[in-house]
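Q: Sharing a structure here in structure tokens format.
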């Protein structure tokens, strides 16, 4: 009898009332796992040692990330098909709606993988796939950057003391698409088409970075007036590295491709200006990011003594930190500064350890069903009582 109980408890989703609750409670914050996994794959390919082995491992991790993204997309679309009334509650929920930004950012890591790994596996067709996906990613990022803040302004309840860095998520997706534009341009001929993508990349950067800095300013006020966030959302402090690291990375990648494109289009005055601007601006941004990095570490250490309960928000440890590291790698490459690369390698090893920890806890939580919980559905059920 005891053996039967133990076997029963080990069945998948045993903490859910029924297995279809996986769909009913599926929320877009699951896509943060694809963001974190994708950025770790990109970082593995940057490490200067055991390059052949790590490149193969990075390729496999990218392929796993594709499976994760497809699975999550099917689950989330199924929720909209099977439970449309419940699914649309996300637009009125002050927290869960913000995670819609994770969808285009997760897709961007797959696009970058097609350009970094797919070209070795599939040839030029990988570039075409990446380009088409990039157009779709830009569309998603821009729409979410408009719709989610508008919902915040029009139909959601927010208080300053409840604010966290999660506010950044719907905004940052555009600059992630901008950095993907820089990667895509490495594989395109310098012509009018490439020029259009380059210009779009800079516009996407502006759509994202400037509002993100406004949010960071408000967040600093919130921290000063209401102190640190509660331990359940303490990991959100790491999200501040996202717009800073991605902003620096996008400027470096776009600036690196700008000279040949501007030369071909006859804009001689911008040939040296844009790459120089990218390097200088990225140095300033990384300095700002270093300050937030320290705040994030101190916030985590402050709460870790009493225990930080695991939730999907822990994926905030991975992607923002990862793009910050990628920016350092790219800056080290462009400036040919060895110590910057050494710093990036050390931080990369730390990130890989954090990713492994979060992935292990996520797999365990997904297997038990504990992580399948929709706050917007819970709010709707409470309202209907």
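Residue 1 is the first one shown; counting continues down the chain.
Glycine is no exception: its Cβ is also placed from the backbone N, Cα and C atoms.
Marked as transmembrane segment by TrEMBL: 30-55, 61-77, 98-120, 132-153, 165-185, 197-221, 233-254, 274-300, 312-332, 338-358.
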Q: Report, as numbers and ranges, every residue of the chain located at least six residues beyond the transmembrane segment (233-254) whose Cβ falls under 8 Å of a Cβ in that stretch; write 'none' if there are none.
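A: The answer is 164-166, 168-169, 171-172, 175-176, 178-179, 181-183, 185, 198, 201-202, 204-205, 208-209, 212-213, 216, 219, 274, 277-279, 281-282, 285-286, 288-289, 292-293, 295-296, 299-300, 302-303, 308, 313-314, 316-317, 319-327, 330-331, 334.
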Q: With CB pairs under 8 Å as the measure, which of the listed stretches 61-77, 165-185, 197-221 comes out on top against the transmembrane segment (98-120)?
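A: So the stretch in question is 165-185.
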Q: Quickly jot the same-chain residues contacting the transmembrane segment (197-221) by Cβ under 8 Å, restricted to those at least six beyond its ends, or write none.
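A: For the transmembrane segment (197-221), the nonlocal Cβ contacts are 138, 141-142, 145, 149, 160, 163-165, 167-168, 171-178, 181-182, 184-185, 188, 240, 243, 246-247, 250-251, 254, 257-258, 261, 292.
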